[in-house]
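Have a look at the structure below before the remarks.
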Amino acid sequence: MIMSKSMHPTARKKIVIKLGGSTLEGLNKTFFSNFKHLQQSGYDIIITHGGGPAINKALEKQNIASKVLNGIRVTSKEAMDIVQSTLIGKVNPTLVGELNEAGITAIGLNGFDGQLLQCELLDYETYGYVGKIMNVNTQLLHQLCKQQIVPVVACVGTAMNGHALNINGDTVASEVALAIEAESLLLVTDVSGIRVEDEYMKEATPSLIEKWIEEGVIYGGMIPKVQSAIQVLKSGIPSVQIVNDQLIGTTIVPSFSKDVVSK
Ligand SMILES: Nc1ncnc2c1ncn2[C@@H]1O[C@H](COP(=O)(O)OP(=O)(O)O)[C@@H](O)[C@H]1O
Ligand SMILES: CC(=O)N[C@@H](CCC(=O)OP(=O)(O)O)C(=O)O
């Protein structure tokens, strides 16, 4: 992707938090208080979110079949309409409402707003209406953060021709984190990180993760998550974690420190 190189030497450090659709119905008080604690410690926070389970329900209701390939939804035109209305019409405002209710000033956005997520088609033959992010309007995010407003970004992108494109939530999180040169990326999901033989790993390296994908230990929705995490780590963002809503889970590290398995 092309990054919008708007250097902000005086900007506060930024954390991107991606909330998986799997977590959105059960965000608890501890999550919101951890969130406020991070803000009080001097971080600007940008939220990106998915909504896979809500999309599945809405597609089922309309009898629209859809399949997922490598954790990415193959998206037909009619499925895209449902994805768009579910994420932008339901999931995003519900989350923004909960944040505001918890005393966190938040504003809902999607890829169309200020051309936040400009996309090209990823691979139409294979995935249909799925976007590949080419540019992120970082200036918009910086401006909101400067005013202590938390941007809450739904994973719908805009194509040059004005079409909406579906993007995996984990991909949006990593592209936004890279574009704004975040200090840290937290991928919040419904499990305490990467599980291997019934144990949650405290740390994981890119080479082990690739092996676990090959062996089928990592599958489905965890695949785009770890791929996004690796991409971000390799591009120089120092802290990348896959965690539950208590922010406990796996840190992706270039190589292992001593204690690798959570007790
Ligand atoms: N090795 C693994 N460790 C933990 N979870 C895994 C693993 N492999 C696959 N998963 C699955 O990935 C899911 C998280 O991905 P997903 O359902 O897409 O969540 P989200 O909506 O948060 O993006 C877990 O609930 C689990 O079923
Ligand atoms: C292209 C693609 O896969 N889009 C995802 C967008 C939602 C998402 O990523 O939701 P989670 O974060 O809950 O997995 C989808 O249609 O399900």
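Any Cβ shown, glycine's included, is placed from N, Cα and C.
Just so you know, TrEMBL annotations never went through curation; they're auto-generated.
Feature list (source: TrEMBL):
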- GLY51, GLY52, ARG73, ASN166: substrate binding site (BINDING)
- 13-244: domain 'Aspartate/glutamate/uridylate kinase' (DOMAIN)
- LYS18: site 'Transition state stabilizer' (SITE)
- LYS225: site 'Transition state stabilizer' (SITE)
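Features as recorded by TrEMBL, highlighted on the structure.
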residue: LYS18; record: site 'Transition state stabilizer'; Cβ contacts under 8 Å, 6 or more apart: ILE47, THR48, HIS49, GLY50, GLY169, ASP170, VAL172, ALA173, LEU185, LEU186, LEU187, VAL188
residue: GLY51; record: substrate binding site; Cβ contacts under 8 Å, 6 or more apart: GLY21, LEU24, THR86, LEU87, LYS90, VAL91, ALA154, CYS155, GLY169
residue: GLY52; record: substrate binding site; Cβ contacts under 8 Å, 6 or more apart: GLY20, GLY21, SER22, ARG73, GLY169, GLY221
residue: ASN166; record: substrate binding site; Cβ contacts under 8 Å, 6 or more apart: ARG73, THR75, ALA79, MET80, VAL83, TYR129, VAL130, GLY131, CYS155, VAL156, GLY157
residue: LYS225; record: site 'Transition state stabilizer'; Cβ contacts under 8 Å, 6 or more apart: GLY20, GLY71, ASP170, LEU187, THR189, ILE242
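Only GLY52 of the recorded positions listed as LYS18, GLY52, ARG73 bring a Cβ under 6 Å of any atom of ligand 1; the order follows the sequence. The substrate site is defined by GLY51, GLY52, ARG73, ASN166, and by the 8 Å test on Cβ atoms against their centroid, the other residues of the chain that qualify are GLY21, GLY50, ILE55, THR75, VAL83, LEU87, CYS155, ASN168, GLY169.
For the binding site of substrate, formed by GLY51, GLY52, ARG73, ASN166 according to the record, the largest Cα to Cα distance is 12 Å, rounded to a whole number.
Less than 6 Å separates the Cβ from ligand 2 in the case of GLY52, ARG73, ASN166, drawn from the recorded positions LYS18, GLY52, ARG73, ASN166 in sequence order.
There are 23 other Cβ atoms within 10 Å of the Cβ belonging to ARG73 (substrate binding site).
When averaged over the domain 'Aspartate/glutamate/uridylate kinase' (13-244), pLDDT in the model lands at 96.
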